[in-house]
Amino acid sequence: MAPSPSKRKERSEDKAKERGKEKAPGKEATDKDRGRDKAKKRRSASSGSSSSSRSRSSSSSSSSSGSSSGSSSGSSSSASSRSGSSSSSRSSSSSSSSGSPSPSRRRHDNRRRSRSKSKQPKRDEKERKRRSPSPRPTKVHIGRLTRNVTKDHILEIFSTYGKIKMIDMPVDRYHPHLSKGYAYVEFEAPEEAEKALKHMDGGQIDGQEITASAVLTPWPMRAMPRRFSPPRRMLPPPPMWRRSPPRMRRRSRSPRRRSPVRRRSRSPARRRHRSRSSSNSSR
């Protein structure tokens, strides 16, 4: 038998309910999943806020500690930067001085070099003078001679030691035929002068012991260049109002007036004398 329409409706309703029931758990599952996601998001948000607050507090504490440490580190960094800058400036100055010296230093260096160059020839001259041996003497001084000894006697005695170039025997002013007691003998070779010194120093001439000594030749004197002084400038005459007239003119123009000498009058004495004479005559 064919089912009735009412049964058909019931069956269709049941099927729809079953389908709805089947769909409901899927929806519930999706709703549950959505709720879980929302709860997770809320938890994550709450945990994020708490962590942010914690991080803020920690960041504030760390910032305070960081500021203190930053100040100390800043001071140390500033000190280090200063030291670094000073060291860098020193290194730069040293490098600049080693690389390219300043113009003032160049001038000082040039002056020192010029001074050292100018001093070198003087040193060379001194060293040459020290190194160069002194010339050997050829002149002999003979002292403590008696007045009886003449040039001929000295020539006869000292010619035995070599060729004599010159004999200088000063004479006394007041007694021209007598010597002053000493003489100079100049030989041609220094060896001859040394031989005469060896034999005649402490020897005897005319019964008296004499002395013989070498005369050192002086160094040739260099003629110093004369420095001509500039001519003196004549001072201009003083102005008229400053000129004072000479004293002679003053005296001639205004001679001194001598006050007349006061003389005592002799008239009262005469009167007295007359009065006395008259009194005597009356008596």
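Quick reminder: no glycine exception, Cβ is built from N, Cα and C everywhere.
Summarising the annotation, Swiss-Prot assigns region 'Disordered' to 1-140 (among others).
Here Swiss-Prot flags 10-36 as compositional bias 'Basic and acidic residues'.
Look at Swiss-Prot and you will find 45-103 tagged as compositional bias 'Low complexity'.
Among the features that Swiss-Prot reports, compositional bias 'Basic residues' is placed at 104-120 (among others).
Feature annotation from Swiss-Prot assigns compositional bias 'Basic residues' to 128-140 (among others).
Confidence across the domain 'RRM' (161-240), taken as the mean pLDDT and rounded to a whole number, stands at 86. Annotated domain 'RRM' per Swiss-Prot: 161-240, in sequence order, evidence recorded as sequence analysis.
Under the heading region 'Disordered', Swiss-Prot lists 223-283 (among others).
The compositional bias 'Basic residues' annotation in Swiss-Prot covers 244-276 (among others).
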Residues of the domain 'RRM' (161-240) by DSSP state, where helix covers H, G and I: 11 helix, 21 strand, 48 coil
